[in-house]
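Database features, via Swiss-Prot:
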- 12, 13, 80, 184, 317: NAD(+) binding site (BINDING)
- 152, 153, 154, 183, 198, 211, 212, 234: D-glyceraldehyde 3-phosphate binding site (BINDING)
- 153: active site, nucleophile (ACT_SITE)
- 180: site 'Activates thiol group during catalysis' (SITE)
């Protein structure tokens, strides 16, 4: 029996998550809630994507429904999770992709509406199980965990690298810089924003801003709390980002050892298919539509004075992330059967 899935927020993450897992046997997508544009816009943007191209299935709107190859998904336009009659649609699992509801208090209404599990496509500010697939998904306990977060795209890129280096060499401390594409938290032209740098036109500048990806690693490796920090630089591109990791490790190492550790990890469980390893001189566009979370740029690995390590990791910050989120959804769905 398939687990019935609803999506709240049908923007970049919501639409791509549906694309990624539409034909998976464990999941049945039954409802979409999106406050902007109605079913017509939802269907159109699901079919036609400026970054990821046309989706193969036929997609159309019919009244308050979206049809995918003739299969209907009901559609609503409510502003809050507790306004959506999830129980009427038989939804077991919600993918919360709006980016607006990120605390247990604002997410609790789902459970009052009969939803069994909620996976948030963003870090949750208070207690929730923070899962990075391939790194700590073994922590999921079906009877205990009902609210989960798939962390952030950059945390999903960084965590596999930290796992390999920390478990193989030991990390004393480190700083990361994510060179990250534009997102819809920015503005096309100058406009008011609480982050004055994000208030500036996205297409004209490199924009330093914050990222919580490095500090979030402490949720997975508590011994690294206060030992990692980072910054983001938003760049005028639409897809494929790069994480620049600098670590001080606990023992002497070499470029060859670092790359060997990362390559070996990419070829076996639990990181196979999640961590990649690349020796060709590729650039960001080559990683568009790559489903992996983190791809090592082996040509760029550096070691200085035996213990300072620099690693570059590419990632499709949209497609790679949603693939991990729906893999988490599948893991959760299997626990409900």
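Note that Cβ sites are derived from N, Cα and C of the backbone, with glycine treated the same way.
Bear in mind that the values here come from a model prediction, so they are computed numbers and not experimental data.
The two recorded residues, residue 80 (NAD(+) binding site) and residue 180 (site 'Activates thiol group during catalysis'), show a Cα separation of 29 Å. Annotation for residue 13 (NAD(+) binding site): spatial neighbours 97, 99, 121, 318, 321, 322, 325, criterion Cβ-Cβ under 8 Å with sequence separation of six or more.
The DSSP secondary structure for residue 152 (D-glyceraldehyde 3-phosphate binding site) is coil.
Here the candidates are the binding-site residues 12, 198, 234, 317, and by Cα distance the one nearest residue 180 (site 'Activates thiol group during catalysis') turns out to be 234. The secondary structure of residue 198 (D-glyceraldehyde 3-phosphate binding site), as reduced to three states from DSSP, is coil rather than helix or strand. Taking a C-beta cut-off of under 8 angstroms and a sequence separation of 6 or more, residue 12 (NAD(+) binding site) has the following same-chain neighbours: 183, 184, 318.
Counting in whole angstrom, residue 152 (D-glyceraldehyde 3-phosphate binding site) lies 9 from residue 317 (NAD(+) binding site) by their C-alpha atoms. Non-local contacts of residue 154 (D-glyceraldehyde 3-phosphate binding site) by the CB criterion (under 8 A, 6+ apart in sequence, same chain) comprise 178, 180, 211, 213, 232, 241, 243, 315, 317. Under the three-state DSSP scheme, residue 180 (site 'Activates thiol group during catalysis') falls in the strand class.
For the binding site of NAD(+), formed by 12, 13, 80, 184, 317 according to the record, the largest Cα to Cα distance is 26 Å, rounded to a whole number.
Residue with the densest Cβ environment among the recorded positions 80, 180: 180, by other Cβ atoms within 10 Å.
Residue 212 (D-glyceraldehyde 3-phosphate binding site) falls outside any helix or strand according to DSSP and counts as coil. Note on the binding-site residues 183, 211: the fewest other CB atoms within 10 A surround the CB of 183. Every protein chain considered, the tally of other Cβ atoms within 10 Å of the Cβ of residue 153 (D-glyceraldehyde 3-phosphate binding site) stands at 29.
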